[in-house]
Structures are given as C-alpha cells and as structure tokens.
Amino acid sequence: MLTCNDCSTWEQFVNYIKTRCSKTAFENWIAPIQVLEESREKIRLEIPNIFVQSYLLDNYKKDLCSFVPLDAEGNPALEFVVSEIKRSSPQIAASVTKPAVEVSEENKDFQLKLNGAYRFDNFIEGPSNQFVKSAALGIAARPGRSYNPLFIHGGVGLGKTHLLHAVGHYVREHHKNLRIHCITTEAFINDLVHHLRVKSIDKMKNFYRSLDLLLVDDIQFLQNRQNFEEEFCNTFETLIHLSKQIVVTSDKPPGQLKLSERIIARMEWGLVAHVGVPDLETRVAILQHKAEQKGLNIPNEIAFYIADHVYGNVRQLEGAINKLTAYCLLFNKPLTETTVRDTLKELFRTPSKQKVSVESILKSVATVFQVKIQDLKGTSRAKNVPLARQVAMYLAKTLITDSLVAIGAAFGKTHSTVLYACKTIEQKIEKDALLKNQISLCKNNIAIDSPQHFV
C-alpha cells in the first residue's frame, strides 16, 4: 500500500491508479469521482452516473481494499451518490488522431468499417446527450455485461452514429480479442439477400452468430420488411442469449417503430437511451470545435450568434462552419456578424408563425419519456406514463394559448386534472434536476417541429 501523510486514503488510491491505467480510462472513469465525506469507517463519493460505480468496483475492487476502509464482510466501505445533471458549459476533450487499428489475418473477415473521426474523446457532451454517452462508455468498457442491448434513438444528425462507432473503436482498442461488426440495417438486408441468392444463408448465420459485438445503425429501415425482420430477430436473440453485446440506433424509440411486438420487446430488454437536440451552450461548443478542426478562428460572440439561429442538429452546425470557412478563404473576408448573416441566411431559422400544437407536444414527450402517444391520451398507468402525461399537460398549458378545458379535451381529461398536473410538475421541477432536464429536451424537440424560441 502507498502511504502519504498529507493525502487522504481516497487520494492515495487515485494517485496509485493514475499510474496503472490509460489516460482515457482515468479521465472517463476515475477523475469525475468526487469525495463528499471521508472517515475511518467509510467514504462517501459523488459519481456522475451508475456506470462509474460499476466500472470502479468491477475493475479496481482489490486495489480499493488496499486503500479505503472495509466493511464487516471485507468489501470497500464506499457509499455512492449519483450527482444531479449539471448544465455547465460542455467540455471538449482534445481530439487526437489515432492510427488505424491493425487487424490480424485470422480476423480479416471482421475488419471494422468505422469512421476514424467518431470517437468518445471528440464527442461534445452536454445535457442532451450526457446520459447516452455514459451508457455507451459503460457498455464499451464491459461489453455483454452491462445493458444489453443498448438502444440509442434520436433525430437526424444528433450523434447516434458517432456514438455507435465510438463504441466500436473503444472495444477494439481495449478488448482486442473480441470480434466486432458494424453495419447499417440496409447493408444487413443486402447481405441477407445476397446469401439467399447464392444459397449460403448458413454461412451468414454462422458469421453473425460468432460475433462478440454487433453494431447496427438505423434499425428503422427494418420496418415493413417482415421476412428480413424475422432473420434479424433470430440473430439478435442468439447473440443476447450468448451474452454478446448489441448496440442499435434508430430515429424513434422501440415503441414507435412499426415492427413486430416480438422484436420491440427484445429492443426494450436492455437500456433505451435518447439523444436530444443540443442546447445553446452545447451548440456553441460544437461550433468552436468544428471551427478549430477547419483552422477557423471563431469569436465567442459569433459562435453564439450562429448557434442561436442554427439549432436543428449537429450536421447543420457543421455545414454552417464548412460554408463559412469556404467563403472567408475564397473571398478573403473577415469573420463578422455581417459575413455570417450574408453567408448563412439560407440556414438561419426564423421564428415560425405556426403555433405549437398538442400533437407536437405529445410526439416530443413520447420520445423523451419513451412511451406511446396513445398512452399519453389514454388511461394507462404503466411505468413513466403518468408522469409523462402530466409533463405533456404542463407543456400544453405553458406553450399554447388554448383554455384548460380545450387542453383537457385533447387528453380526454377535465380542466381540473390539467390544473392539478401543472401544479404537480411545477413543484417537482424545483427539486428534480432530471425532470427539469427532460422538460428542456421536450421543448428543444418541439422547437424543431414548430420553430420558436422558448425561455
């Protein structure tokens, strides 16, 4: 055991581990942990999410026993407290260009077609994607042992594919013996059609079922393709049964996909995580990061000006930077607000005269809370539904001008039920940071359907 008279036992443990793990692992899993209270009997730690707790105990339990107090059973006497989501300015990890991973001859069939730019260390984190990034890191660190499958859903251009490929890179670098395959749903279907045509379907089945990690992008393209859906579901179930990790992305949560109940149930087995529309601070961080990659120096006030007008998704922000960079270089123009306005006027969103509707609110709330729209308008008391229904009523009262009676009618409720729901949510958001963040995500999503600026 290391000793240090000026260090607490936790600090001694951290200093010890820092020299024995990679910089990335330390920054992702150890550095975020904060000591709340330390005594001879136990240590109380604040962690950003439950994945950090699992990673710490799974990988460093023996080391912990050498430094921290132990309980009666000889286990580390640690108490974990999950911190509230903080809306601080997003941090940008330094982007490091890494060499392509070499694949041995025997694993050539499993060579990954991963985008080298999509890694965890250059994924811009903010309140809208903090949870899903932690989930992706958690399963990448412990494939097949955490949440399986991991189902990532969200709108176009919000980072789903980035996270999918980041999982692939991380697993390849930290679990070198695992067989990994990353594929789009369309490519899976084409692969299946090919093997059916040449009568080698068993070869395809053997390939997919020998994988340790399967990464599938855009599962929504499996809709209305019943025969292909059945084969995918069979492969899916086999891998899950063998504790092989699966990660799936989609533009909708499982319950909103037009797939069989069987496959929807399988998708919901593990963890369903939503990637939301980035808030203003996150959009600014993304813009500055993209501009830095292009060699464009973008002042804070210009970044905020662009982010305030381009707020649909990350691809639009990247397109804005590409257009600005080209314009400034070709015409030798300085980067001013006038230059930005003239160059990006086609991208800039203007407040719409279209009113927010109850339907757009229901769609957004259903996506964030992972429930069905019909349940929000019905009497279901299933998990998440009552709270989501109250949030939808609260947003309807807040964002549209209809009377309480009209809002109640849209939900099949009385005006007094709407009033009760609004008061309940107003009280809860004062104490519940997670709920407050979920409501913010709902508003961001509504803004995409009915572009307006919400305070």
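The backbone N, Cα and C atoms fix where each Cβ goes, and this holds for glycine too.
What Swiss-Prot lists as region 'Domain I, interacts with DnaA modulators' is 1-95. If you look up Swiss-Prot, you'll see 96-112 marked as region 'Domain II'. Taken from Swiss-Prot, the feature region 'Domain III, AAA+ region' covers 113-328. Swiss-Prot lists Gly157, Gly159, Lys160, Thr161 with the feature ATP binding site. Swiss-Prot lists 329-455 with the feature region 'Domain IV, binds dsDNA', giving sequence analysis as the kind of evidence.
The candidate set comprises the binding-site residues Gly157, Gly159. Of these, Gly159 has the most other Cβ atoms within 10 Å. The average pLDDT computed for the region 'Domain I, interacts with DnaA modulators' (1-95) is 76. Summary for the binding-site residues Lys160, Thr161: the Cβ-based neighbour count within 10 Å is maximal at Lys160. Other residues of the same chain near the ATP site, with their Cβ within 8 Å of the Cβ centroid of Gly157, Gly159, Lys160, Thr161, are Gly154, Val156, Leu158, His162, Leu163, Thr249, Val275, Asn313, Val314.
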